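Asker: First the structure, which I've put down as structure tokens, then a few questions once you've had a look.
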Amino acid sequence: MEMALSRGLRCCQRIFSWIPVLIITAVVLWSYYAYVFVLCLFTVNNSLEKALYLLLFHVSFGMFSWTYWKSIFTPPATPCKKFQLSYSDKQRYELEERPEAQKQILVEIARKLPISTRAQSGAIRFCDRCQVLKPDRCHHCSVCETCVLKMDHHCPWVNNCVGFSNYKFFLLFLAYSMLYCVLIAATVLQYFLRFWVGDLPTGPAKFHILFLMFVALMFFVSLMFLFSYHCWLVAKNRSTLEAFSAPVFPGGPDKNGFNLGLHRNLLQVFGENRKLWFIPVFTSQGNGHYFPLRSQSSESPLLANEDMWDESDDGSEGSFVTKLKGLK
């Protein structure tokens, strides 16, 4: 009975979690109708102006939709098998009742892995629910019920965890959302003023044009603050979680532990090919399991033992050796 109730509650939670996405989708679809049909086809009389507005709008709408789709449906990247406890290590860990001895077991296992961060207590970070040693910058998401590589936050507006696999898509989504709002506000302004002063006849179009202007400005202001904050995070190479709680290293907390300088920070998120920076295809450096430290920025970020990243036993993560070489 309890299991059925719990399953039912989880099902309801999953359904309700899509409500913010549906709200955004409904607003965007209405804006499409209001702009394309009400403004361009029925209100704008100049054919050249109409064609220009439609071209710019559909390019902006296409990029916005593409980045929003990628932000929503790109699965969060999770730790690979290398970070899971082996059967023998798991037995040893669970049978040990002394907390200090358990910590020591995790320390011994972590020596084989590129783990630099620690829990606030100084212990190796371990997720009891996922049964994995947490890679640097990895956190457990209680909504997604999994550990997420380089987790930034769980965003209800995309109903997904924003992390290593889709952080670039999320940034582009914010940028193209702002562009979408600016384009609408800039092109609607003259008709908004004409409706406002009564130069155009009152009718259903007036409501759509006035509301379109208000909605575009309202969303632009809120997006501007959020986008500016994430630009600052990228420049400092921090996640939202790290901005609130500095990552802890063996030497203590260091909010700038992953800060490699503006240029290398940008490359880490957007990749080296600048032609792909503004297109929602994955170009971020690395594999999400290892990040170069500021203290090692003058050294090669590759691990000494590359063989440990040969993912012949788990093709889902791809070749870690190749991806790590992209950090150079």
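Yeah, the Cβs are placed from backbone N, Cα and C, and that goes for glycine too.
Feature table excerpt (TrEMBL):
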COMPBIAS  307-316  compositional bias 'Acidic residues'
DOMAIN    124-244  domain 'Palmitoyltransferase DHHC'
REGION    306-328  region 'Disordered'
TRANSMEM  21-45  transmembrane segment
TRANSMEM  51-69  transmembrane segment
TRANSMEM  169-193  transmembrane segment
TRANSMEM  205-229  transmembrane segment
Asker: Are there 3 or more C-beta pairs under 8 Å linking the transmembrane segment (21-45) with the transmembrane segment (205-229), counting only pairs at least 6 apart in sequence?
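Answerer: Result for the transmembrane segment (205-229) with the transmembrane segment (21-45) is yes.
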Asker: Let's see if you can do this one: DSSP helix, strand and coil counts over the domain 'Palmitoyltransferase DHHC' (124-244), in that order.
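Answerer: Secondary-structure composition of the domain 'Palmitoyltransferase DHHC' (124-244): 69 helix, 16 strand, 36 coil.
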